[in-house]
Amino acid sequence: MSALFNFHSFLTVVLLMICTCTYLKMQFPTLLEQKTGFRGFFWKAARIGERLSPWVAVGCFTMGVSIIFF
């Protein structure tokens, strides 16, 4: 089933995208400096990862546990 139609897979994809964008912004800041357009979407995901990092970490941990055990 596609990740767009399965809510559990959709949440996994969103969390991985937020974590990846945040990591890329920390390693290569000029890559995500545009705040508009196509790269602006990834800039916003990186901003969510920076500002809500404790909640994103809890979400990633919870998602990892649910994938392993369920």
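Placed from the backbone N, Cα and C atoms, the Cβ positions cover glycine too.
Because TrEMBL annotations are produced automatically, they should be read as predictions rather than curated entries.
Annotation source TrEMBL lists transmembrane segment at 6-24 (among others).
Beyond the transmembrane segment (52-69), the same-chain residues lying 6 or more positions past its ends with a Cβ under 8 Å from any Cβ of the stretch are 8, 11-12, 15, 18-19, 22. Taken from TrEMBL, the feature transmembrane segment covers 52-69 (among others).
Below 8 angstroms of C-beta separation, residues 31-32, 42-43, 45-46, 48-50, 53, 56, 59-60, 63, 66-67 of the same chain, each at least six residues beyond the ends of the transmembrane segment (6-24), sit close to that stretch.
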